[in-house]
């Protein structure tokens, strides 16, 4: 009986909270003194549940929204050139079959098979675990870039799956990215000292786009001129 009464009270309180009913005075039956402790316990449990629900609605405790911080690979991974990062992004998207911006276990399995270095199920899980910073069991693009950072810094074991992935990816991070630095920290210093390289690469991309646009205009003008000769 106490359980049914608690359920009824909870449903009614939730309806009132959601605007489904107007609150009404509730007369507690007090047939005898034995029911009072049960009713008090039920009210206490109900109050705790409603308080918990309020905390979740207010974002206090329990579930937290994921961070909305914007990830910029060019500023966070300055040891790599824009071309290298674009190559890594192209490779990441190639194997992101689900188009959800993650590489899961099965997609990583397919990647390693296509690279000619198939891994066991346990080996694949260990590969993800080594760079899985948010413990979601899959690779984000940032975590994918961490593979190449670790490879460039010499932090991957020779026989590890991640080392094999970086080696077979055809993305050279041992020379251009870190200029042959012996350690990651030396590479980081080099990246800071060469900060102007980032701006230079952007200007080069813009100049290349401008040149292509100019060539396209010239081709269009030549085509229109050719058309006019046949009129």
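Using N, Cα and C of the backbone, Cβ positions are placed for all residues, glycine too.
According to TrEMBL, the features are:
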type     : residues : note
COMPBIAS : 198-218  : compositional bias 'Basic and acidic residues'
DOMAIN   : 83-118   : domain 'EF-hand'
DOMAIN   : 119-154  : domain 'EF-hand'
REGION   : 1-42     : region 'Disordered'
REGION   : 198-231  : region 'Disordered'
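Residues 74, 78, 81-83 of the same chain, all 6+ positions outside the region 'Disordered' (198-231), place their C-beta atoms under 8 angstroms from a C-beta of that stretch. Taking DSSP states H, G and I as helix and E and B as strand, the domain 'EF-hand' (83-118) has 23 helix, 1 strand, 12 coil. Same-chain neighbours of the domain 'EF-hand' (83-118): 73-74, 77, 124-125, 127-128, 136-141, 144-145, 148, 161, 164-165, 168-169, 171-173, 176-177, 201, counting only residues six or more beyond its ends whose CB sits under 8 Å from a CB of the stretch. Confidence annotation: the domain 'EF-hand' (119-154) carries a mean pLDDT of 95 in the model.
With DSSP classes pooled into helix, strand and coil, the tally for the region 'Disordered' (198-231) is 32 helix, 0 strand, 2 coil.
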